[in-house]
């Protein structure tokens, strides 16, 4: 190839290596650089995944480069120094013989070099000094030879036919004489080749000297296609092959281009990190790496560029493009130019390749040991061990094995392009690391080396990527693919490392930018997605109580998106901070096990309801604030000693509604599928109230997860008898069509029937129990008297002087904690009292009526748009009048309850009187008509839902808001229980007051 093109390639690679060296110097002086060199710099700047991926490729490239250097040293010996040492015959004519020689002698040389490296780096440094002296003397000999042969010399002659270069022709045989060597070549078939007959044969000096002016001939490009003849100029008559044998004419064995030239030249500049790879052995790496690397690049670049220019002005154009030196018998051109003789160059070249190989075999094991010590790749951990002398012996053995595999391949030229990709990727990431640290202005970025700039680093990165694809795009893709595989492996199996890398800095900057952009205005409906705040309840051992709730969150997000999980611990934060930290770790572990992507936190609050309110108000940042709250249903709220269980739940519902956030309440959470389960069936949506489309969107999101993807959606809506059910169904189908949601639609008609006796009785029981529990509060002493009276009566006290005290209603001003304690004791004492079989009938009836919950469990809920019996004005007036009468009746009931005494009755008549007293108390309560109507609606709707959705995998329905009056809270819980009775999996949903789904694209 022309020397002018070689000069451009040299300049490009020199610029690229210099820019990389500047970036590397900045990183190397930004702190202590232990063993690992380039790997340490990249991993601490870009993270363990990038560092491990590029580090492993760089290690592989360095190891195989050692194989390439060893094979090169063997080739110098067998080709130019001692051809008679060939074991497998004339390797110049048989490629397999050449490769076999490489395998045998390369293995022997590898063993010797491996032993030198094993002895220690100090011995390598001593050998490197001797090799460096020989290389310097060789370079001086080349310069001296060029100027000594300024007029050229007669050591190398080429035989040229016309303008074409011929091979394997001695000087004495370069003639067209009949019967000569050339005649036998071109006229062997009896008829001479036309080009041979038309052109003359001439001898041309290969080394013409600087005075010849050949430099200007070599400035023009001379790239050839594969098969074209090497000739002066690009005249098709001389370079184009015809349908004739090529004879002994030299032709291009591949299509040449500028990118090919760079690929050939680049391996000669891949040693710029030889010093940084041995950073652990340097006394002051921060000082030695910048000075040594930049000084070496300046020196070698000067030598490379000057030699290219001097060779272009000394060597003939045809000889420069003779790839294998076939026209001069395979001799080394530069050796025939050197002064005083060729042996200086041959010995210098041999020692130079040996030195480069030793540098690779010394740096590669230390690079591997550094990766192994970081523990980011688990199976490499055995190679982190050092010998007693501090040498990475195990890593050296693995390096020798890999190098031996490269030698056994024989033709290392096949690996050379791939090795160049590995090195280029490493250099590119060094530039990227420096640019990122500079642009992000990391506080820890304070390099002592000041001669850098992010623009230079980005230019270096661009040059690395450009050279990769210019040289060989498919090898570039292969190298990148290998890096991606290693990156993913480290990400999946590697150990967690937090080194404050630049990638995290990019994420922080991007997050800051995105959050500020999101704050510019409210999100559009089409961009709405559930950002979940999950309120998780903890057990006494600080583990989540309902694990399936995490599975549900993961399924709802389909493994994507963010979720925030918050748990509360009652108490003082200063005293329970350690427990909160432990609970947070347990919470994080469950999130990881259930594949919940997001964040977790544990709050300590003196009041649980207030703590949940604070979490709802403050969790999140800017546009990433949660918009959906998930809270578990308070199971066993009826059996709870305190009102706190359901009171906290309803307070949270109020707070979520006030924050205009959506609320999801799964009921029967333990029956929900786990993260790995797969279910099939129907997801039924009971669309009672339009809440912005949340009921439509939730099942669609659930179906994105593999656990629910086999389920089908069914939508039920409720209509009255006078509604046009056909038109409602048609409109709803069209609405779903525009929403691009596939679901079956069914309209359920409900009649405005009379209040059934069952509903009336159930409401009556609920109100009686709730009112009595609200008003009846026994203090500790009075309960002891009640129990003692019962015990005394049981033992038939003869003097009959100890009677039960009258029931006294608790004063609302009394201490609440005392009341709660009294309630607990009351429950324990009453339970123990009822274990006696001989209780008198009147006492048992009164206590059962006043204190024991009614069963079977009632249900809860009243939807906002269910068909209810309408009232006329006269009926409303009647209701007002009845409400007044009910208040009077309730007051009478209170008075009656105050007058009830628990006294022993010894005969059946007394028992009958006691029963009458209980009946009188019961008859004193008249159920509120509004409660009856709500209970009626809940019962009737529950019957319809159970009838239609008894086999559904999930039932989704609207969740009404809690009542404004706090005294109605327990009734609200009863309604919700009634509504979902008989359903295994229920998801109650309350929208946040905004549209979350749209028909527009």
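Glycine is treated like the rest: Cβ placed from N, Cα and C.
Taken from TrEMBL, the feature domain 'Amino acid permease/ SLC12A' applies to 17-146 (among others). Note: the domain 'Amino acid permease/ SLC12A' (17-146) comprises 109 helix, 0 strand, 21 coil (DSSP; helix = H, G, I, strand = E, B).
TrEMBL lists 21-42 (among others) with the feature transmembrane segment.
Annotation source TrEMBL lists transmembrane segment at 54-81 (among others).
As annotated by TrEMBL, transmembrane segment applies to 102-121 (among others).
Among the features that TrEMBL reports, transmembrane segment is placed at 127-147 (among others).
Look at TrEMBL and you will find 250-269 (among others) tagged as transmembrane segment.
What TrEMBL lists as domain 'Amino acid permease/ SLC12A' is 255-533 (among others).
As annotated by TrEMBL, transmembrane segment applies to 289-313 (among others).
Among the features that TrEMBL reports, transmembrane segment is placed at 418-439 (among others).
Same-chain residues lying 6+ beyond the ends of the transmembrane segment (451-468) with a Cβ under 8 Å from its Cβ atoms: 12-13, 15-16, 19-20, 22-23, 25-26, 262, 266, 420-421, 424-425, 427-428, 431-432, 434-435, 438-439, 475-476, 479. What TrEMBL lists as transmembrane segment is 451-468 (among others).
Summarised by DSSP class, the composition of the domain 'SLC12A transporter C-terminal' (549-663) is 58 helix, 22 strand, 35 coil. The domain 'SLC12A transporter C-terminal' annotation in TrEMBL covers 549-663 (among others).
Taken from TrEMBL, the feature domain 'SLC12A transporter C-terminal' applies to 680-809 (among others). As a whole-number mean, the pLDDT of the domain 'SLC12A transporter C-terminal' (680-809) in this prediction is 65.
Taken from TrEMBL, the feature region 'Disordered' applies to 790-829 (among others).
The annotation compositional bias 'Basic and acidic residues' is assigned in TrEMBL to 790-799 (among others).
Feature annotation from TrEMBL assigns compositional bias 'Basic and acidic residues' to 808-829 (among others).
Annotation source TrEMBL lists region 'Disordered' at 870-895 (among others).
Counting same-chain residues at least six beyond the ends of the transmembrane segment (102-121), those with a Cβ under 8 angstroms from any Cβ of the stretch are 66-67, 70-71, 73-75, 77-78, 85, 87, 127, 278, 281, 354, 357-358, 361-362, 365, 389, 391, 393, 396, 400, 403-404, 407-408, 410, 412. Residues of the same chain lying 6 or more positions beyond the ends of the transmembrane segment (418-439) and with a Cβ under 8 Å from any Cβ of it are 16-17, 19-20, 23-24, 26-27, 30, 38, 41-42, 45-46, 50, 54, 57-58, 60-61, 64-65, 68, 263, 266-267, 270, 272-273, 445, 452-454, 457-458, 460-461, 464-465, 467-468, 471-472, 475-476, 478-480, 483, 502-503, 505-506.
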